[in-house]
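Since the structure comes first, as structure tokens, the remarks are kept for the end.
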Amino acid sequence: MMNPPIVIEADRSISEPNAQQHDQDTVETQSSIAGAPELQIQSSPISLYPSWCEENGSKYTEDEILKIFDELGDIFGFQKDNVLNMFDHLMVQLDSRSSRMSCGMALLSLHVHYIGGDQANYKKWFFAAPIDEDIGTATGLHELEDENSYLGLEFKWKTRMNNYTEKDYIYQLSLWLLIWGESNNVRYMPECLCFIFNCALEYFYEIKKGDLSTTRKFEFLEGVITPLYCFIRDQQYELVDGKWLRNEKDHSQVIGYDDMNQCFWYYDSLKRLTLHDGSILFDYEKSVRFSKLDQINWNKFFRKTYWEHRTWIHALTNFSRVWVIHVSMFWYFTAFNSSVIYTPNYDITKDNMPPVQVRLSVVSLGGTIASLLTMASMIFEMVYVSRKWLGSRPVFRRLFLVFIILMLNLSPSVYILWFLPLDAESRTGLIISILQFVVSIISFIYFAIQSPDKLFRCLIGEGVKHRISREFNASFHVLNSKSQRYSYALWISVFAAKFLESYFFLTLSLKDPIKVLFTMEITKCHGDIYLKALLCRNHARIILILLLLTDLVLFFLDTYLWYIICNCIFSIGLSFSSGISIFTPWKNIFSRLPERIASKLIFTLGESEVSTTLMVSRIWNCIVLSMYREHLLSTEQVSKLVYQQIDLRELKNFERLSVRPPLFFLLQGDTAIRLRDFFTPNKEGERRISFFAQSLSIQLPETTAITAMPTFTVLVPHYSERIILGLKETIKENKNAKVSLLDYLKELNHNDWESFVRDAKTLLLINNNPDKSNEIDDIADIIEARTTANVKQDPSNLIKNQINDLPFYSIGFKESNPDFTLRTRLWASLRYQTLYRTISGFMNYETAIETLGKVENYSLTLTSQGLEEIDREVELLSRRKFHLLVSMQRYQQFSKEEKEDAYILFKAFPKIKVAYLELVIGTDGKANFYSVMLDLEKGAIQGEYSKKYRIKLSGNPIFGDGKSDNQNHCLIFHRGEYLQVIDANQDNYIEECLKIKTVLAEFEEMELDVSSEYAPGVLTMQKPPVAILGAREYIFSESIGVLGDIAAGKEQTFGTLFSRTMAELGGKLHYGHPDFLNSIFMTTRGGISKAQKGLHLNEDIYAGMTVICRGGRIKHCDYYQCGKGRDLGFGTILNFTAKIGAGMGEQILSREHYYLGTSLPIDRFLTFYYAHPGFHINNVFIMLSIQLFMIVLVNLGALTHESILCDITTSTQLKEIQLPLGCYNLIPVLHWVGRFVLSIFICFFISFMPLIIQELVEKGPFSSFRRMFYHFLSLAPLFEVFVCQIYSKSLRDNFVFGGAKYISTGRGFATARISFATLYLKYAELSIYTGAEIFLVVAFSCLSMWQFSLIWFWITIISMCLAPFIFNPHQFQWNEFFLDYREFIHWLSRGNTDSSKYSWSEYVKSKRSKFTGYKKYNLDKGRIGGIGRPRRINILCSQVLMPILRSVILLSAFLFMNAQNGVPNPKSVNPLLRIIVIGILPFVFNAVILGVMFVLSYLVSPCTMFCWRKGPPTIAALAHFLALVFSILNVGVLFLLQGWNYTRTICGLLFVLEFQKAISNFMFTALLSRELRDYDSNIAWWSGKWFGRGFGWMILSQPVREFFVKVLELNSFTQDFILGHFLLFAMAPCLFVPLVDGWHSSMLFWLKPSDTFRSPIYSRKQRRVRRTRVTMYALLFLLVFLLFVALIGAPIAAEKFAPDITAHVPKFLGGFVQPNHLANTHTNQTLG
């Protein structure tokens, strides 16, 4: 049975989804909504700013305002296009506000927000800094010492503002905008702009009194802005041979935007402004200062106000309260349970306790620790904050008071522990200790809760300059009472749970190990020749110290765990209270959906002549048709979902018109009906409708008329992201991926493709029958055409027709008509992460506004003008209310293909605005830069679009990492009151765009009342402005395999679960997309991001921190969401992770973290910390705890292996005598090991909790379980462990080496296989080396002290070593695996005779360059810009001293294992010298080899030029081979000297590797000069050809440097060769699993095994070559594997069968050989 026809007027052509089309609804009636603002249909030319009109109270016409702009342009020398651009900018703002208030009030409100209101940044600056005699103060706020003087100043300010006329307001707004519009990079310095504006305004009013003068073009730019720009540029770049090259200054040496801006905060600072002639600017009258700005010597004025030194001490200074809370509480808990340490004559069998006063006094030292940490943070504050900066906080007075508190906490302990007996009770001591404990707790609570900024403020007061500083960096808004209660409740819950769990789970579990280890007496260890028994007798104490350090790190970790748990619980509560939950009654949200659409999306005033159902039908049908055009719904589904017309009599009698509700609504009462009955099989349509219905069940702000909606702009920065997919890349198969992009998209969007193919066939039918094309008018006809194209076929020709249709189903078209091929490209582009998809989605705002305009003004459609007029009016309405601005930074440099794609985009969406940077080389050869906005609506003339605005800049504006500067240069072209910032990989949907009125109402500016703002004597109390509105994101790349789903899950939980609570608690920041921004607030406070290169790598978040610091509010919108693409592959996700990790390192260095960390109230500080830096520091602590635990395991394993353990039963107590006598009871310590392992893996697996809860709350338990099941089945925990390591490594490396930079992640589908060598070189240093070290430790531990819990660490090993390969597509395909092995062998040997970037030699060079940096000069290209060497102190501390410290601790374990503990008749041994010789020997041998090879290469170099061209690679291969062989022999010698004992040898090998790392890093740091960028030095070494390569004077030093480099390289080569082979050996067994490639692909991509992934097609010759190579390298692989098996097995056999060589060793070498098979049975203990 056929479905009833759908009577809806649709587009007359089937075009691509989301293309902008005017949807017509079921009924085309019109009515007037009584009393509501209506569209004004005019026959005269339509004004671009219709709300700014005389009827609405406007006193000045557009022309008069334009004349004001022209006048200011002539006076100050502003560019003409800047004048026109800013005129339009102001008029759009006036029109926007005039649409909801009178014109006079609109103008006043803008002046209030820009210039004179309490929340205006200019007023804040004006009160803080400059002279203004008219206000009546000589110096401004900095001399106001009491409230009365401030109120007097406020009264005079308001009097002046009140006396201004509307024309004055226009002049001042125009001047501000013109200055801002031409300031390019200076826009990042808001107070600098305030200063310029103030000078310009005084100058303007002065010259207004006389004859107006004009200035030359570019006068303002070149005289005022360019000198400032040049100072900014010169801080980071230097001119070399006509090119600007980046210098090597780190942040602490660069006077950045913030340093410069802070110099304008204080009057005393401004008084230092001097001109080039030496005169003082402020000695001149204020009316002439502007004319002197071009003469200011900025180099003498600007200074550094905050030093961003690279050191972890920033974390102590910024987050001192976190350290105080944790370290002090750890001391309280541990000291109370560690009484054995301070109990005199402690006897474990008696478990005697110390006197009460001693125990209480020791515990009370927690207050001393809190005081010391606070003192340290204050001292280090002086290292970062310049004492010369006027806003620096007074430190010395605070430091003195902290010192007094320190003495109050410490002195009682000195008295009790030194002057009173430690083994007797003392009443005096008890009283003192109780008082000390009270003082300790009070000190701890005070230092933990009070922000460092406010410490002792009640005693020392607050300086006026500090008050001014806080106005700009600590003016936090006050939370409302509900949010404040939530905040306190959350953190009380977190720390209550944390302290209880930490005490009972962590601290008490350490109580018995402390007793055991502290009382353990190791008296029967022999030691070595040099150190005797010094170390081995104290080995248990060393382990105890390591245990305490590890437990302290765990004490930090579980706080974050409880934060995650409590945050999720609170977020669930918030979601339930708002109604955004799956547990909202399902039937209710759909049955009441029409009612909610009418009440929450449509504005009506009073009784409407139009049926609500008619209005709702238009909205609902618009949504359904949009999904239909996007191929999400079939025609059958549409018929069940749309409203249908049932009466078409007399259009004028609209009361008789009615519509039939869709079955979707009619059947909601039927319990047998499910949502999927209407959307199956497409889940996307179901998801969108479900969220739309659910979101309208939330309490939303009251809707307003669409005509009163504020104007806003969507801003999309674009650099090199794909605009539209090309046909070749869409349909061509990638040999490494085994699938074309189109085939993969078809697999992911099967039903969409079926609909697309039906459309394609329909279009071909229409194209082939042009006479019938005019007959197809509506969807009913289209259905019939589709039926004709798909159903009405001759059965006898079915097979033939199917064959004919194959091109449609494979590539989407049959004829190579450009229109048809473009459809396929667009279909793929709309399902990929492209700019076209982004623009297409966000242009739905236009359709939404037009639809709402028609719905809310139905009465106008009934007038004589008809539908055409209303269409014209709503089109104008959408142009006024919505703008989409794309900043194509590289547009001028686009390739031919990129320009063609851009033109397709422009043609599809001609109403968007496009800005770009234009470079023009002048006749003088000078580069001139312009910000240009194209005029797309005029169309392209000869392939080029005209330029609507073209504004000259001072120079290249791209100083930062790109995106922020790209946004900043185009920001002048945005329009309206609000901005929505979007990335070029996002999407939007029509149903979400329909909520835009409600979303913008969240800024709380719909009903502005500023009438009393300038009333003298009236104090207005206004809520802090909403500066940022965050929104949810739906990650449309979820379910595209395990990695894509992991990335999507993290983004979803952060953007919903955590953002919800952060916004409620005042801790949410700005994270870029898809936040809405208050344009005026942001542009008057430095813009929407920051742009100092490196420091502001994560540029968006700084805007959020600025908002918080400057008193703005940040809200979160839970009922609105945009689509967002995310990284999909292992490499791209980790690139993004590395960028975020390094960016957080830069943030911790920044002043914003200093301000927030030291000024926020405790609850908001904790929210900020744990939501931002705390997450990354927690990852560092996780990896640090693992590293500490590994060291504990080695030392504990040594103690266990070399000791006699007690026979312990479950009922055995520590007090009991344990047998055998003299044994060591290590059971409590081994139990602690199990506790630690459990703690660490809880920390890892807790990362899944937010996603589980998010799915549970919004999609139900089944969906949550299914998603987690897929994650665990796909080995997602391995990826989580690896990500944790990347976060930690990126953050740590940034503190040491710096170099944080933007990493282009690329967001394509990760279907291509990456070679083993590529993955190894990328992730070896990041994780694989660490994983290999953990492998050796765990192997040693399993041999020395087997514990079942250690099995969990094999998961860590697999993750850190093998995760890159496990998540590599087609990793386990037989042929590719052995071809990979071939490539790995070639990679190891490549680069010694040519300049190959893809080689092992280049890999080690890049590792080395992190220590040394690169030279500024290239041998053949001259000066090219270098990369500076990191601070040596940082490298020495982290890369030299830390390995040395680890080496010493590992050495302690090795020496204990060779100390012959409990061995009767021990022999004299020298393990210390033995292991050091083993560690140094490879370097010595490498030096000998290289010395010989150097002479050989030099001697044979003449031959290599003519007859033996393979000489250099042969010499290089021989050297590397000999180094490899000797390294293996060196390990064999270690086995021999250790008596073939595997356990002791591995322990020694651990020390050797760490010792060699310390030596290598020291040589990199101390002995090596910078690296050359080219490869000449490496090639010259192996070829002997040093002359003629351009070395110059370096010919003397470079061979020596290269010698040291090669000594270290040969050692690294051995390690990489062996490690790479072990990784391949570990993966090889997977090759023998049947159908492993198919199962592996299913695991990665979550697709059923099918023919989607096909092997590439090779020619016969290619197949033969591949078979030969696979066979050869498979045999080589097997041979090497057998060799390694023999080498590993040989010591096992030797231990059993090899003779004892100690008798044959010369006497002077006797100590080098360790006796084996000696029993540790000598205890020498008796009961007596």
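Note: Cβ is positioned from N, Cα and C throughout, glycine not excepted.
When TrEMBL is compared with the stretches 362-386, 487-511, the one noted as transmembrane segment is 362-386. Sequence-distant residue pairs (6 or more apart) of the transmembrane segment (430-449) and the transmembrane segment (362-386) include at least 3 whose Cβ atoms are under 8 Å, placing the two stretches in contact. Secondary structure of the domain '1,3-beta-glucan synthase component FKS1-like' (167-278), assigned with DSSP and counted as helix (H, G, I), strand (E, B) and coil, comes to 70 helix, 10 strand, 32 coil.
Long-range contacts of the transmembrane segment (1350-1367) within its own chain (CB-CB distance under 8 A, at least 6 residues past either end) are made by residues 1042-1043, 1130, 1186, 1233, 1237, 1240-1241, 1275, 1277-1279, 1281-1282, 1285, 1316, 1319, 1322-1323, 1327-1328, 1330-1332, 1334-1335, 1338, 1341-1342, 1623, 1626-1627, 1644. Highest Cβ contact count with the transmembrane segment (362-386) among the listed stretches 398-418, 1236-1257, 1515-1537, 1617-1636, 1670-1694 falls to 398-418 (criterion: pairs under 8 Å). Within the same chain, residues 1138, 1183, 1186, 1190, 1193-1194, 1196-1197, 1201, 1282, 1285-1286, 1289, 1320, 1350, 1353-1354, 1356-1357, 1359-1361, 1363-1364, 1542-1543, 1546-1547, 1549-1550, 1553, 1619, 1622-1623 sit at least 6 positions outside the transmembrane segment (1326-1343) and bring their C-beta atoms closer than 8 Å to a C-beta of that stretch. Cβ atoms under 8 Å from those of the transmembrane segment (1471-1495) belong to residues 528-531, 1451, 1454-1455, 1458-1459, 1515, 1518-1519, 1522-1523, 1526-1527, 1530, 1533-1534, 1537, 1548, 1551-1552, 1555-1556, 1559, 1581-1582, 1584, 1599, 1603, 1606-1608, 1610-1611, 1614, 1711-1712, 1714 of the same chain, restricted to positions at least 6 beyond its ends. Through the fold, the transmembrane segment (1617-1636) approaches residues 1316, 1320, 1324, 1328-1329, 1332, 1361-1362, 1365, 1371-1372, 1374, 1377, 1381, 1384, 1388, 1524, 1649, 1677, 1680-1681, 1684 of its own chain, all at least 6 residues removed from its boundaries and within a Cβ separation under 8 Å.
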